[in-house]
């Protein structure tokens, strides 16, 4: 289930990145950051379930940093 969710989020991030790259529209970057953070969070949960706890925690912390950037981008 998490693998399908991760692949779906990755496809969304790739589509948003391609759209932003082709159109030079940067207003979509906060949304892309949100989905990227969500993807890293799902990957972290998958790694913890696979007993790769160190990598899982690093991914979850990275996800938290991206979510903070997302919130600060929306506020500022």
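Every residue number used here counts from 1 along the chain in the order it is shown.
Each residue, glycine too, has its Cβ placed from N, Cα and C.
What TrEMBL says about a protein is an automatic prediction, not a curated fact.
Summarising the annotation, TrEMBL assigns transmembrane segment to 5-22, 28-45, 57-75.
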Contact set, same chain, for the transmembrane segment (5-22): CB under 8 Å, 6 or more residues outside the stretch: 28-29, 31-32, 35-36, 38-39, 42-43, 46
Residues of the parent chain within Cβ reach of the transmembrane segment (28-45), under 8 Å, 6 or more residues beyond its termini: 2, 5-6, 9-10, 12-13, 16-17, 19-20, 55-60, 62-64, 66-67, 69-70, 73-74
